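*Asks:* To start, I am sharing the structure in question, which I have written as structure tokens.
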Amino acid sequence: MASARSAMLQALLLAVALAAAPGVLSDPPPLQDFCVADLKAATAVDGFPCKAPSTVVDDDFFSDAMVAAPRTDTNPFGVNSTRATVSVFPGLNTLGLSITRTDLAVGGLNPPHSHPRGSELVLVLKGEVMVGFTSATNRLFTKVVKENELYVVPRGLQHYQLNVGTGDAVFMAMFDAQSPGLVTPTLALFATEPAMPMEVLTKTFLMGEDDVTAMKSKFAGF
């Protein structure tokens, strides 16, 4: 009995330690009330340096980026995302959160992608959106999410959003990181600078060079 209690106590202490450790959070906790990003600072840090408190104004904590509905006909996927991350919303600096509005045309797709620095909480505002992600064991989890419903995507996993309704769809994606990052596999393979070696692509996709070249041409300009 004593050994069982000791094991439970050790497990509890470990859980508390992990919960309190900044390293297990997407962003570390802030050390002051606010640290409005100085986007013009010459010194590069992991994030942004703070503006002098005397120069901080009300609008540093305000953004109207989500107000206007963006066009969804400017790309073949029928999607447009408006991001409010620290790079455009300085008041988010060190707070560990950001948000994106995504508009989908009928049949529109937010192609598979991942956010290496943040988990994503999806809130559908309009329409019906199929949200799906794949685990490290290649298992697909998916659900059609309707208005005012939520779906969570764990940090770093490949996921997508597809409009399966009869009209346009809109959803908000909330992140536990001020700059969650964005990695889209198709672009990471076919639209890099410099170009990914042809041998890597042909062996990865079991294709000939002509097929790979045709695939790459579809992503030129992205």
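Backbone N, Cα and C define each Cβ position, glycine as well.
What TrEMBL records for this protein is below:
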- 1-26: signal peptide (SIGNAL)
- CYS35-CYS50: disulfide bond (DISULFID)
- 65-213: domain 'Cupin type-1' (DOMAIN)
- ASN110, HIS115, GLU120: oxalate binding site (BINDING)
- HIS113, HIS115, GLU120, HIS159: Mn(2+) binding site (BINDING)
*Asks:* According to DSSP, how is the domain 'Cupin type-1' (65-213) divided among helix, strand and coil residues?
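*Replies:* Counts, helix then strand then coil: 22 helix, 55 strand, 72 coil.
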*Asks:* Which residues, sitting 6 or more apart from HIS115 (oxalate binding site) on the same chain, put a CB under 8 Å from its CB?
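*Replies:* When sequence neighbours closer than 6 are ignored, HIS115 (oxalate binding site) has VAL153, ARG155, GLY156, PHE175, ALA177, PRO180, GLY181, LEU182, VAL183 within Cβ distance under 8 Å.
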*Asks:* Any idea what the Cα distance is from ASN110 (oxalate binding site) over to HIS159 (Mn(2+) binding site), rounded to a whole Å?
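*Replies:* Approximately 9 Å lies between the Cα of ASN110 (oxalate binding site) and that of HIS159 (Mn(2+) binding site).
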*Asks:* Pop the Cα-Cα gap between GLU120 (oxalate binding site) and CYS50 (disulfide bond) into the table, whole Å please.
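*Replies:* For CYS50 (disulfide bond) versus GLU120 (oxalate binding site), the Cα atoms are 26 Å apart.
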*Asks:* Report the mean pLDDT of the predicted model across the domain 'Cupin type-1' (65-213), rounded to a whole number.
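*Replies:* For the domain 'Cupin type-1' (65-213), the model's average pLDDT rounds to 95.
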*Asks:* Within 10 Å of the Cβ of HIS159 (Mn(2+) binding site), how many other Cβ atoms can you find? Include all protein chains, please.
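*Replies:* Neighbour count, Cβ to Cβ under the 10 Å cut-off: 23.
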*Asks:* Same chain, not part of ASN110, HIS115, GLU120: whose C-beta falls within 8 angstroms of the C-beta centre of the oxalate site? Give them in sequence order.
*Replies:* THR100, HIS113, SER114, VAL122, VAL153, HIS159, GLN161, ALA173, PHE175, PRO180, LEU182
